[in-house]
Amino acid sequence: MKIKNICCIGAGYVGGPTMAVIAKQCPQIIITVVDINPERINAWNDKNLENLPVFEPSLAEIVNKTRGENLFFSTDIERAIDEAEMIFISVNTPTKTYGKGKGMAADLKYIELCARQIAKVAKQDKIIVEKSTLPVRTAEALKSILDNTGNGVNFQILSNPEFLAEGTAVQDLLNPDRVLIGGDVGSNDGNEAIDALVDIYANWVPKERILTTKVWSSELSKLTANAFLAQRVSSINSISELCEKTGADVNEVAKAIGMDSRIGPKFLNASVGFGGSCFQKDILNLVYIAKSYGLNEVADYWEQVILINEHQKNRFSNKIVSTLYNTVSGKKITFLGWAFKKDTNDTRESAAIKVANNLLNEQALISVYDPKVTEERIYADLDYLNSRSEEENRALLKVDNNPYEVCENAHAIAVLTEWDEFKTYNWQQIYDDMQKPAFIFDGRGILDMEYLKTIGFECYTIGKG
Ligand code: UDX
Ligand code: UDX
Ligand code: ADP
């Protein structure tokens, strides 16, 4: 079966870049990305490419080339479902904030809404592809909803987890380590659906990198991959605290262990803590699933990865307070960076949010500069915590779009995101305009501290004793 029309439900950080790249690599396929949020769709259709809702290196060029050719963004969800032979579901699956599994389980209400809408509209057989991160056995639930509420057409469900990392999404999509497709390998219809999706990726991905598995293996692989990656970050972060106490240097330790080919050199950067929409959510999900099967030791093991991450964020804000003579009340502290990593405008679960909240509890005055994150987003992140009123948040925290102005008169600078431009600043000028002693806390280990010390800064870097 050759796919000619694809619909993708959900025009976010996953759906947008993924469909743009498929459109670029498969000019013969028409792709319509739909969303319930009309502002998002308008932003994807904006003539000014600066206004796209997702910032990713090279994404705007690809959208510019494909939009209106074979890539379309629309709010007409029913029509797009009707016309497509294959439907990707890339809606958000946040952690539940209510009821059973609150704070742990994935909230599947958006997924279920999609399934019901597809069932209602579909008049021909469809292949449904799960693209969101989902708990194991979601495909089964999807199938049940589709079969029981549909018009008697045949649905095949595939799990095709996304492994792209934000900030490198386009590169990761163009040149993936692997593409994973889970399906009903036991049946002819299942294999036909799997082959249809394999054929799409085979337009640019070598066949040996396209893995096909049972649905449940595919779903669980996604959670496991993110849990292992997050575990590496928590592992090195836990060692960073020990380095500070013992006088070791976490970068030297990371380099030394990373040269063991069984460990490998990547993903060993100590930091102020991991963020992003996936790591915490997926681990909480894994913990919840393990608990629900009574596997308490397994659940506790993985939960510790999250606890170390919380500890790392708190440790950073505590270090700022204790270094500034145990009080930051009324003192200006500048944040360089708010995004959860460089080269993205996404702030979900960013360490900056927690660190800011801790310092605001100590009555600090925070000023933030981030090259890509908007003021509205920053206030929305803080307001979401419900720690204080919206007015208080706006009175205590300011957002500035000039990196030099934002540092003026500050008692301390804290680096929360590893944006490359921070390394290129005129640090002498920044020092001259700060309160003295001028403190700098590098939560990402990106600045040249030896140089900054010669200027006169008092320096702290995570993991250096
Ligand atoms: C992650 C997975 O990498 C990706 O495969 C999956 O599809 C989605 O989740 P993402 O969250 O976009 O991607 O970014 P990632 O590069 O994994 O970084 C996550 C967090 O870990 C960031 O806050 C980053 O700063 C932090 N991190 C990463 C570290 O602190 N140290 C490291 O060595 C690596
Ligand atoms: C280990 C370290 O590998 C080595 O670098 C260090 O100098 C001494 O400790 P060793 O204990 O001899 O070496 O063997 P290793 O191959 O690491 O295996 C340790 C245990 O882990 C064995 O029981 C092995 O069966 C088990 N193992 C290893 C697994 O169960 N699964 C694996 O994937 C790898
Ligand atoms: P991700 O990082 O998983 O892509 P985002 O939050 O960036 O998450 O994107 C998910 C998108 O899915 C949002 O734009 C949201 O409006 C959209 N969405 C959620 N539920 C539905 C639905 N039932 N129909 C269409 N779009 C939906």
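Along the chain as shown, residues are numbered 1 onward.
Including glycine, each Cβ sits where the backbone N, Cα and C put it.
Taken from TrEMBL, the feature active site, nucleophile applies to Cys278. Summarising the annotation, TrEMBL assigns NAD(+) binding site to 10-15, Asp35, Arg40, 91-95, 132-133, Glu166, 278-281, Arg348. Feature annotation from TrEMBL assigns domain 'UDP-glucose/GDP-mannose dehydrogenase C-terminal' to 334-449.
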Please classify the secondary structure at Gln280 (NAD(+) binding site) using three-state DSSP.
helix
When a 10 Å sphere is centred on the Cβ of Asp35 (NAD(+) binding site), how many other Cβ atoms does it contain?
23
Please list residues from the chain of Cys278 (active site, nucleophile) whose Cβ is under 8 angstroms from its Cβ, counting only those at least six apart in sequence.
Thr133, Asn226
Neighbouring C-beta atoms (10 Å sphere around the C-beta of Gly10 (NAD(+) binding site)):
27
To see if you understand the setup: which same-chain residues, six or more apart in sequence, place their Cβ under 8 Å from that of Asn92 (NAD(+) binding site)?
Gly10, Gly12, Tyr110, Ser132, Ser277
Least buried of the binding-site residues Thr95, Gln280, going by other Cβ atoms within 10 Å?
Thr95
So which of the recorded positions Thr95, Glu166, Cys278, Gln280 sit close to ligand 3, that is, with a CB under 6 Å from an atom of it?
none
Please list residues from the chain of Tyr13 (NAD(+) binding site) whose Cβ is under 8 angstroms from its Cβ, counting only those at least six apart in sequence.
Val54, Glu166, Ala169, Ser277, Thr344, Asp346
Let me know how many other Cβ atoms fall within 10 Å of the Cβ of Glu166 (NAD(+) binding site).
24
Go through the recorded positions Gly10, Tyr13, Asn92, Thr95, Glu166, Cys278 and pull out the ones with a Cβ less than 6 angstroms from some atom of ligand 1.
Glu166, Cys278
